[in-house]
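Remarks on the structure that follows.
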C-alpha cells in the first residue's frame, strides 16, 4: 500500500515538474515587446503589400509623408547596384516617446524587389558601397523572401537616405528568371506610429472629445466633460500632450482636447527596373553601327553620282 501511494505521488510530482517546465519554456520563447517592435508588420502580414497596392506600414503610420526611391533604369545580370530609399523630414522635429518625453525621430524602410533580386553577399559589395551602408542591418521580410527587405528602426538624423546593395539575378543560371521590365515597390516611415498592431492607439494621437458638452474640469492628465444630456465623462491625456481646452468651454463631439503630437508619417513609391541582356545590347550596337555605315555609304554614293552628272552636263 505504501509503495502504491509512493508511486502515485512520484508520478504526480513528475507531471507537475513537466507542466512547470513547459510554462517556463513558453514564457521565454514568446517574443518580447522590445524585440517585436521593428517587425510588427512581419508578424501580422504575410506580405508587406496589400492587394490594393498599399504597403501595410500605412496601417499604423497614418500620416502621409513623402518617400522617394532611386534605382537604375536597367541593370545587367549578376551585377551589384544601389537602390536608395530617401526619407526626408525636418531633423529639428522631435517626437513624443512612450514615456511622454521628447526625443529624436527614427526611420525604417521596406524594399520589394522583383523575384530573383536580393541583397548582395558581403564579398560582392564594393568597398566604397560598404562605407556608405556602414551600420545598416538588412533583414528579410520572411525567411523565404530574399527579394523583400526591411530595415529599421534607425537613427533618422543619420539615415534619411538608406542604401540597399542589390544583386541582380542571372537568367543563364536560373530558368525562372527572364529578361524584361519589373516593378519595384518601396516604403519609408519616420517617427512612431499612431496605432499598435492590436488596434490600440499610441500616445502619438490628439485626444478628442467623446461627446458634445461643456468642459467641467481640466488637469494636467485629464479633461472632464459634462455632456448635453447631463452625463460626465473623463478623457485621459497621455504624458507629453498639451491640453488645448479650458474649463467652461463648449466642445463638439470629436473636437480636439489636446495638441496633435505627431510629427512623423509613412510614404510609398513605385518604380520600374529593366533586367537587360548584354547580348541584346551588343547586337543593338551592331545594328546601329550598320545603319550608320549604310547611311554614310549612301551619302558618299550620292555625292559620287552628283559628280558624274555634273561632268556629263559640262561635257
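Note that Cβ sites are derived from N, Cα and C of the backbone, with glycine treated the same way.
Predicted, not measured: the structure shown is a model, and the values here were computed from it.
For residue 61 (heme binding site), the number of other Cβ atoms no farther than 10 Å from its own Cβ, over all displayed protein chains, is 25. Marked as heme binding site by Swiss-Prot: 37, 57, 60, 61.
Swiss-Prot lists 1-36 with the feature signal peptide, giving sequence analysis as the kind of evidence.
Positions annotated as transmembrane segment by Swiss-Prot, on the basis of sequence analysis: 281-301.
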Chain-internal residues near residue 60 (heme binding site), provided their CB is under 8 angstroms and they sit 6+ positions away:
40, 41, 193, 194, 195, 196, 197
Spatial neighbours, same chain, of residue 57 (heme binding site) - Cβ under 8 Å, 6+ residues apart:
41, 48, 108, 110, 187, 189, 266, 268
